[in-house]
Structure formats: structure tokens, C-alpha cells
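Undergrad: Just passing along the structure, written as C-alpha cells.
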Amino acid sequence: MAGAHTQTQDAQSAGASGQRPSLSPGLRLIGTRLFAPLALVILCLAVFLPGQMSVPPLDRDEPRFAQASKQMAESGDYINIHFLGDRRNNKPVGIYWLQSLAVKASGYGAEAPIWVYRSVSVVGATLAVLLTYWVGLAVMSSSASFVSAALMGLTFIVTTEAHLAKTDAFLLASVVLAQGALARLWLARNSEGSSWLLAALFWVGLAVGTLLKGPIGLMISGLTIVSLCLWKHEVRWLARLRPLSGFILFLVLVLPWYVAIYRETNGGFFLDSIGRDLLAKVGEGQESHGAPPLTHLLAGIVVFWPLSAFVVLAIPGVWRQRSADCVVFALCWLVPSWIVFEFVSTKLPHYTMPLLPALALMMGYVLVERGSWPKRAVLYWLAAGLLVAIPLLIFASSLALPIYLQSWPSPPGVLIAFVGAVLGIMAAVRVKQRAILNALWPVAGTSITLLLAFWAFVAPSLTPIWLSPRLVDVIEAGTSCENPSVITVGFNEPSYVFLLTSRVTLGNAESAASFLSTTPADPCKVATVETAHAEAFENAAREAGVTLKQIGSVSGININGGDEQVIGVYLNGG
């Protein structure tokens, strides 16, 4: 308690004087330039790796990306993007190239498990954390930069995206690369000379982001640049970006694939990706994900946890330090793009993730570097409440959610989540005592234990929601074939397609009956039929002269919509 009392005194004096608060010896050591990068990598692996192999593909976006990458690696066609026989034209090619490369490097080929595809996201999220540390070094000490990057890496949204084979983790890395180079060029605006390397990194970051997710990175950097120019009433520094040569580099990296896909699809890719995907998200809530403005702000309290608790504490300091270059750049990065995301009709939690580093850097600068802590007790209460409420909620969910799904809680998951809740209480107590820096260790502990509990134990134990892997198990147990061919009716989840390694056809009752109607009966042909279609399937099989043999069934809850489903597995029993 003596340490907490000392930091309470430090907080009061730091808030008034703006002096840097004293750091614990351990934090000073780990936060040095010698150890910080290694410590960040270890931290990332500790929270990103659990569950990579044990959590099945999560419908629907993740297996869509993974399946398209699988088909790209199998076909050797690195221009076109397909999901089964359909073109997948809603996102550019970048993530499919990276995942195909991971598949090739793994040696698994078409049988590559989902963790191989997820490894790209692990690398992307880890790079984003390291690059956030690199950006911080331009404006603050190594220790403050380390705290900023570490808390960003522990957030729910970053750890979630690191567990999913999608674009967003690597997009985050590309945005931080571009924004980091931009920050360093802007901070050196009054010095002589400029860095070709930083300018090149800026344009490379934009190019990678454009190949990953189209205009998102361009929008964020563009709005940042415009805001900086308006804030400081200065534009001469833009020459440091080497706009002519940099734009040529950008085009050299981006244009070849965009031109190729335009020719391959006769412009269809742009019609689908811009007209049917991007503009649909802007103008209307796509796929039932519409929400009013300020939704991202409210969601950020949870998805940015535990960083969100420290952002609450940093709010007064941001105002006091509003003229500091770090705060100015972070606000120009954060605010304009956040406003855009709030007014886009479609809202998903990961949309604002590329803005998260700005929050982390601003928090680290205000609280750790400048020691500009709040004076009002209500902010400490709010931050402490967040630090204790989320761990308690997760601990309660580790017990209640499996029971609600009519499954059994995972004993290791519940125990580890309990430890995380206790550490969360410790962190909250220290924040309430205004010992902010002393709270960092239990905050890291509660984050690591909660993430371990969820990804390694709780999520895999939610058996009723994992319909696809259970169906595959029934098929493998009920047939003597190594690679059976499957037709599915009424259960068309992308995870099922992915797990069957492309040996699946999406059909209806009649086509499924026809599929099985071979003479003699083919034991390597399987039909999986959802109960809503079972009667029509049985009638069609009877008309086709097929004697059905049901070898099993799977029941559970489809996480897309929450509907209960029962899927039967059939062979030709003739």
C-alpha cells in the first residue's frame, strides 16, 4: 500500500506540474529500447496464440476469406478470387495473397487447418503493436511508448482480429506504418532535409492498405493530412511526402492487380466491390448491421478494453496538452475518421480499429510521459468501474453461457477467468487509489488471463454452436472413404465448406437426391440435409429410387441468427 500512497502523491503533483511520474523499476527495465520490442512480441504471442488451433472457423466472414485463399493456392490463379464457383469481388486481393503464401509455406496444401490462415492475422496484429511502439518513440520515451503499444495489443478488438483469418489485423499494421511515417515527417517539418525512407514507407503503407481493403487506409491518412494542414495553417511540409515520386511508387505497387482484375472481370470487380459492398455499407445497414451515430463510441468502451479505462483518465490531460505535437497528430488521426465511421450506416466493432493506435499513443503521452493525471475523483471511479466490471462479466459468462447453450462450463476456463476477475479487482483498487502506473501490472495480468480463459477453454467448449466440425466428424465416422464428396441442403455455412476442403456442393432437395442416385450405391457420396428440407429430400429420393440410410445427425445453434438447427447425414443405402 505504501507504493500506492506514493503514486497518489505523484499523481497530485504531476497533474499540477506536468512532470513525468516515476515508473516502477520493472517497467523502466522492460520499457527500454533494448527490451521493449522483445517484451511486446512475447506479450502478443501470449494473447494471440491461445485458441488458434482449438477454436473452429468462425462463420461467416473468416471461412469465406480462408476458403477463397485455399482455392487461390490450389488453382495457382492469383488474380481472380472465388468462393466455390462464385466470384468473391467485395475485397481486394491482398489478404488472399498473404494467406495463400502461408498455406504454401506450411506444406499442408488444401488440407491446411484454419490456424495456418489465422497466422497471417497474428503476424499483422504483432506488427501493428510493434509499429505503434515505433511511432511513439518519435514523441515520447521508450517506456511511455511501450505502455501505449502494450495496452493496444491487449484490447479485445485487436486480440479478436488476431484470432480471425480476415483482413483487419494486417490492415491495422498497414495503417500504423503509413501513419507512423507521416507522423515522423510532420514532426520534422521545421528541420532541414527530409527522409526518402520515411516517405517511401508512407506510400508503401498506403499501397498495402489499398490492396487489403481498398480506400480505408487512404481515407484515414488523407483526413489526417487535411486536418494537420488546417490545424497548423501550414502546407509546406507536404513536400516531405515526396508526392510525385511517392504516388508513382504507390501506382507501381497497386495498379498491376487492379488492372488485371478489371480485365478479368470486365469491370465486374469494381461494380461489386464499390457499388454493392462499399456504397451499400455507407448508404444502408448492410447485412442487418445498421446502427445510429455514436454506436462506435459506446461500443468502444468494451471493444477497446482495457485501454478504454485509461482513455477515461486521459481526457482532462488531453485538453491540457492539446497543443503538444503528439496530441495534435493523434487527434487529427482519430477524430475526422471516427466521425466518418459514425455516420456510415453499417457499423461493425472492427471498423474503428485503425484509429485505436491514436488513442493508445495519446493515452501514453498524457498519462505516462507527461504525468497529466485527472484531479476529479469521478474519473477514477469510472475507470475503476470499467476495470472491474468487464472481468466480472467475463467470469460470469464463462459459467452462464455454456449452461444457457445446454453445455458444460470448462473448469480450467472458469478457474482462469476467476483469476482474471481477481486481478481486475486489484487493478480497479489501485486506480481508485490514484496509483495509475501501479495498476498496469494487474491490468496486464487480468487481460492475459481472461483472453487465455476465453480463447483456449471457454470458446472451444461451446459445443452446440460448432455445428460444422461436428458434422464433419459424423461424416468421417460414418463413411469408409478418405475424401467423401458431400452435397448439403439448408446448411450452407462457409465454415462447413472450408472444413470439407472444397469437396462440397450447395444444393436443394432434388439435386441432393440425384447426387445420391448412383448404381451401384456410392459409399463416398454423402448428403447433409437440414430438417426443414428433410421431407422434400425424402420424397425426391423416393422418386429417384434411392434408399436412404441415415448415418447420424447433429443439432445445435447457428450463431448466425441464433436459430436451432438439426442436420441429418445420409448415404445411399441401396
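If you go along the chain as it appears here, the first residue is 1 and each next one adds 1.
For all residues, glycine too, the Cβ spot is worked out from N, Cα and C.
Those TrEMBL annotations? Automatic predictions, nothing curated.
Per TrEMBL, the feature domain 'ArnT-like N-terminal' maps to 42-263. The annotation region 'Disordered' is assigned in TrEMBL to 1-22. The annotation transmembrane segment is assigned in TrEMBL to 30-49, 131-157, 169-188, 200-231, 243-261, 297-319, 326-345, 351-368, 380-405, 411-429, 436-458.
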Undergrad: Across the domain 'ArnT-like N-terminal' (42-263), what does the pLDDT come to on average, as a whole number?
TA: 97
Undergrad: I'd like to know if the transmembrane segment (169-188) touches the transmembrane segment (351-368) in this structure, counting it as a touch only when three or more C-beta pairs sit under 8 Å and are separated by 6 or more positions.
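TA: Taking Cβ pairs at least 6 residues apart, the transmembrane segment (169-188) and the transmembrane segment (351-368) are in contact, with 3 or more under 8 Å.
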Undergrad: If you count Cβ pairs under 8 Å, which stretch among 131-157, 169-188, 200-231, 411-429, 436-458 touches the transmembrane segment (380-405) the most?
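TA: Out of the listed stretches, 411-429 contacts the transmembrane segment (380-405) most.
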